[in-house]
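Report on the structure given below.
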Amino acid sequence: MDNAVDRHVFYISDGTAITAEVLGHAVMSQFPVTISSITLPFVENESRARAVKDQIDAIYHQTGVRPLVFYSIVLPEIRAIILQSEGFCQDIVQALVAPLQQEMKLDPTPIAHRTHGLNPNNLNKYDARIAAIDYTLAHDDGISLRNLDQAQVILLGVSRCGKTPTSLYLAMQFGIRTANYPFIADDMDNLVLPASLKPLQHKLFGLTIDPERLAAIREERRENSRYASLRQCRMEVAEVEALYRKNQIPWINSTNYSVEEIATKILDIMGLSRRMY
């Protein structure tokens, strides 16, 4: 067995496997182990299920350690094949459905692809999500200042502090129309809030970052440049943070947070409603 890997983990579903991945990853993060993840979506027929079973069994025979299998599968005949494998199998949805069934006195009606599939009941939500993504792409990095009033939040910050990935995550995960505006080196001699943003101050949210981390990120993009120098990064961060304080713009330091955590903090601080897709 590879000494760098403590356990092999399978995420298996008859749909996208997103649910299995998210819940399985949340569970595995509780343990101090290194894992090798294998995600297998759209296991919808017996032939594919047998191939998945063989893959699980092969790893068991190769390593001598049972793979961990997190699965979400509707059809019982497909589930039965997976359960015949040498893996330690956990039905992540059924573990929650069974007690809820008792509490609500209702029988579940499982349907494949219900969680992330399209149907007449969620088309409007899906269209709104795509519109949010289109808007966010069109308003990335100050590309366009038109229709800024349609943004639900406008992120500010120096170059490479995490504005773009956070904006896209907000749009894709929560359907939030997000614009972002960069403060560049040329702005620093007289840094003020642009006139186009002043009427929208209630929508502004600032990101900052530790100068040392910013310099390391920029160094990968433009090696040995003034843009990436620690001195330049310190100056830009100090100026932008002063701007936030002066204009009472809420802000967070993104250095030690993941994109998911940054986005969630923005939603919470700005009072934006989370939308589930």
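Every residue gets a Cβ built from N, Cα and C, even glycine.
Feature annotations, courtesy of Swiss-Prot:
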| type | residues | note |
| --- | --- | --- |
| BINDING | GLY157, VAL158, SER159, ARG160, CYS161, GLY162, LYS163, THR164 | ADP binding site |
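Feature map: annotations from Swiss-Prot on the structure.
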{"residue": "GLY157", "record": "ADP binding site", "CB count, 10 Å": "26"}
{"residue": "VAL158", "record": "ADP binding site", "CB count, 10 Å": "27"}
{"residue": "SER159", "record": "ADP binding site", "CB count, 10 Å": "17"}
{"residue": "ARG160", "record": "ADP binding site", "CB count, 10 Å": "21"}
{"residue": "CYS161", "record": "ADP binding site", "CB count, 10 Å": "28"}
{"residue": "GLY162", "record": "ADP binding site", "CB count, 10 Å": "23"}
{"residue": "LYS163", "record": "ADP binding site", "CB count, 10 Å": "27"}
{"residue": "THR164", "record": "ADP binding site", "CB count, 10 Å": "19"}
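Report note: the ADP site is defined by GLY157, VAL158, SER159, ARG160, CYS161, GLY162, LYS163, THR164, and the residues of the same chain whose CB lies within 8 Å of the CB centroid of those residues, excluding them, are ASN180, PRO182, LEU207, ILE209.
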